[in-house]
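K.L.:
After the structure tokens below, expect a handful of questions from me.
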Amino acid sequence: MRLRNGTVATALAFITSFLTLSWYTTWQNGKEKLIAYQREFLALKERLRIAEHRISQRSSELNTIVQQFKRVGAETNGSKDALNKFSDNTLKLLKELTSKKSLQVPSIYYHLPHLLKNEGSLRPAVQIGNGRTGVSIVMGIPTVKREVKSYLIETLHSLIDNLYPEEKLDCVIVVFIGETDTDYVHGVVANLEKEFSKEISSGLVEVISPPESYYPDLTNLKETFGDSKERVRWRTKQNLDYCFLMMYAQEKGIYYIQLEDDIIVKQNYFNTIKNFALQLSSEEWMILEFSQLGFIGKMFQAPDLTLIVEFIFMFYKEKPIDWLLDHILWVKVCNPEKDAKHCDRQKANLRIRFRPSLFQHVGLHSSLSGKIQKLTDKDYMKPLLLKIHVNPPAEVSTSLKVYQGHTLEKTYMGEDFFWAITPIAGDYILFKFDKPVNVESYLFHSGNQEHPGDILLNTTVEVLPFKSEGLEISKETKDKRLEDGYFRIGKFENGVAEGMVDPSLNPISAFRLSVIQNSAVWAILNEIHIKKATK
């Protein structure tokens, strides 16, 4: 009898374990599918946004055509000889369109009038590849003649060899040869076709070069910022090269990332870039930076390229590209009545840096004649000691003593981890928002892989509602109210504080981390995520 009972118990235990394992496997598979669906949804959302932008663009182009017909009508004064090629329906439509009085919008030709002399000025003189479109990421690589050594082949091998087969179908690499010497251009094309014939035929790699008529006269440029005449010419032409490449790439994908012809990349770079962008799909960013050097690894959303190109065309002779990009951000978000720190905080929400860097500069000999540049990205080989999130613009402060420049400001902006000497009771870390924010959740993570023991202990999380009176809150929430108006909503456990914010407390003016007991260890804060509530 005992044996029989034991057998039954064993059988029941086996069945229970089997069912539990089956349930867990089903749940895990379901979770993975959900994550995949979420990524597909975010990608679809981006494509829809780009489609809306392109419809608006086509509307603008149609308006330009109408303006041209108006000029034709005015010049011919309704001459039958000029219009007899059109059908009656077309003539009727033209009459309706041109009869409406409207203002004329300045175009690219206002800043580059020389383009009107040749109708092919904005058409690539050389175009190799099958014209792939509909990809996630377009990589743009401008290249010009170098006196000493070309790094282009090595750069392309690094980019291509670090792509998985499925990733090669979801991107396109556009090589822009910024030269008008046809013999040189054809020589570069021949080398690329020989080295990357498979990649070109598959659509992964495309090669273009501009017509000579695209460039204006660059011989009489004004020397500025102490640059020599040759350097001013070099940087001015470089701005024009970037613009041509961006215009060509704009309609090919969701994102455009600017690269150079003398770099190497990290493994898994494509997936890292794509996932980082999708994580930020609900944020209003303009530039994602995957390298700290110059214009390397700067990624934009395709619709934003229109604004960027227009801005560069307006000032292409005045300043280098990286300065112009910073001016765009300043114009968009900086308040002249506020100080520089406020401006930097606002720009940090549009210009988001990913660490560690995914691209390393390896070129020693610059494309500028005679220039040697020993530039390397110091973040390229660094381990990731902090996790980056986009947080609401805020003024940050702390009573803690900072260690070796690891400031709270840098942590909040995703540039470094915060490191402070032993906290004591009464110390605080304060995040005061520039304007009240509806917050959904929060996450504060202390310690890192190099110093896992430097964590926040006996520390609480507190929020200050924008409205001090008239809050419709539960008794449980009301009991958490402190004398200074803050509400205690959480605390650190094993170095981590994480939780949801009671919606009745929104909008929030500030977050505060308060140390309630002396600590025996130093403190590192390597992750800050104050997640805004979705509308």
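A Cβ is built for glycine as well, from the same backbone N, Cα and C atoms used for every other residue.
The structure displayed is predicted, hence computed values, not measured ones.
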K.L.:
From the ranges 5-27, 166-188, 258-280, 419-441, pick the one that Swiss-Prot records as transmembrane segment.
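P.N.:
Residues 5-27 are the ones Swiss-Prot records as transmembrane segment.
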K.L.:
What range among 28-63, 64-99, 100-135 does Swiss-Prot record as coiled coil?
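P.N.:
Range annotated as coiled coil by Swiss-Prot: 28-63.
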K.L.:
Long-range same-chain neighbours of ASN458 (N-linked glycosylation site), Cβ under 8 Å, sequence gap at least 6?
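P.N.:
Counting only residues 6 or more apart in sequence, the Cβ neighbours of ASN458 (N-linked glycosylation site) under 8 Å are PHE492, VAL515, ILE516, GLN517, SER519.
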K.L.:
With every protein chain in view, how many other Cβ atoms are within 10 Å of the Cβ of SER474 (phosphoserine)?
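P.N.:
So the Cβ neighbour count for SER474 (phosphoserine) comes to 10.
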K.L.:
Summarise the model's confidence over the topological domain 'Lumenal' (28-535) as a mean pLDDT value.
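P.N.:
Here the mean pLDDT over the topological domain 'Lumenal' (28-535) amounts to 86.
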